[in-house]
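Asks: My questions all concern the structure below.
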Amino acid sequence: MDTGVTSPRVLVVDDDSDVLASLERGLRLSGFEVATAVDGAEALRSATENRPDAIVLDINMPVLDGVSVVTALRAMDNDVPVCVLSARSSVDDRVAGLEAGADDYLVKPFVLAELVARVKALLRRRGSTATSSSETITVGPLEVDIPGRRARVNGVDVDLTKREFDLLAVLAEHKTAVLSRAQLLELVWGYDFAADTNVVDVFIGYLRRKLEAGGGPRLLHTVRGVGFVLRMQ
């Protein structure tokens, strides 16, 4: 019986036919509509023409690799959530994927249930907003314009990605309160489970560098063993 509910559309990209078939089958059984691509160029065409709700993308592919695909999508202002898959587990590799604009990074091998949970988290995050505030929040020389999605330090605009601003907005709305990694994963990335990822630390690092680039004071502080807080020292 047709319930009128449309299943989320996921584009899965991998040049390994066995992996691709396995992911397609698993995601379909989990309730997703699935399209596939076997290389980066095909993935970029499909993402542009068919507008999937999320992309699961292997990082090592012929023609156009995963990082290049994400970079191209973001350059076209396509903010589709992307989960990058890779056998590379080093921090540098994860950072490269995230800096390109990926929303999540999952190391192979992984359990299908975790991939499904992460895709659902990305979709939840996309369907909501990082914050409901309608004000400009000030912390020392930092101004966070929530409705305008702009940040300024000493009156100078700070160039932030969508995810960086989402994280900063959440921290600003809870200024002086220490938020744990788990809380930030849920509020910013939409995770409702204990994800094994250092994505919060990576993005905190991005924000610190950008906020302090002009010689501004340290505003983002780490509370060892607890989490992170936005405040003047």
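Along the chain as shown, the residues are counted starting at 1.
Every residue gets a Cβ built from N, Cα and C, even glycine.
Swiss-Prot lists THR6 with the feature phosphothreonine, giving experimental evidence as the kind of evidence. Sequence annotations record features per position, and here Swiss-Prot assigns domain 'Response regulatory' to 9-123. The Mg(2+) binding site annotation in Swiss-Prot covers ASP15, ASP58, ASN60 and rests on experimental evidence. For ASP58, the entry in Swiss-Prot reads 4-aspartylphosphate. Residues or ranges marked as DNA-binding region in Swiss-Prot: 134-232.
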Asks: For the domain 'Response regulatory' (9-123), give the DSSP counts of helix residues, strand residues and coil residues.
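Replies: Residue counts for the domain 'Response regulatory' (9-123) by secondary structure: 56 helix, 24 strand, 35 coil.
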Asks: Whole-number answer please: how many Å between the C-alpha atoms of ASP15 (Mg(2+) binding site) and THR6 (phosphothreonine)?
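Replies: Roughly 28 Å, rounded to the nearest whole number.
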Asks: If you count the C-beta atoms lying within 10 Å of each candidate's C-beta, which of the binding-site residues ASP15, ASP58 ends up with the smallest number?
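Replies: Checked ASP15, ASP58; of these binding-site residues, fewest Cβ neighbours within 10 Å: ASP15.
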Asks: Using DSSP, how many residues in the DNA-binding region (134-232) fall into helix, strand and coil?
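Replies: Computed counts for the DNA-binding region (134-232) are 34 helix, 24 strand, 41 coil.
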Asks: How many whole Å apart are the CA atoms of the residue listed as 'phosphothreonine' and ASP58 (Mg(2+) binding site)?
Replies: 26
Asks: Hey, for the Mg(2+) site built from ASP15, ASP58, ASN60, who else sits with CB inside 8 A of the CB center?
Replies: VAL13, ASP14, ASP16, ILE59, MET61, PRO62, ASP65, GLY66, LEU85
Asks: If you count other Cβ atoms within 10 Å of each one's Cβ, which of the recorded positions THR6, ASN60 has the most?
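Replies: Highest number of other Cβ atoms within 10 Å: ASN60.
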Asks: Averaged over the domain 'Response regulatory' (9-123), what pLDDT does the predicted model reach?
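Replies: Taking every residue in the domain 'Response regulatory' (9-123) and averaging pLDDT yields 89.
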Asks: Quick check: in three-state DSSP terms, what is THR6 (phosphothreonine)?
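Replies: Reduced to three states, the DSSP call for THR6 (phosphothreonine) is coil.
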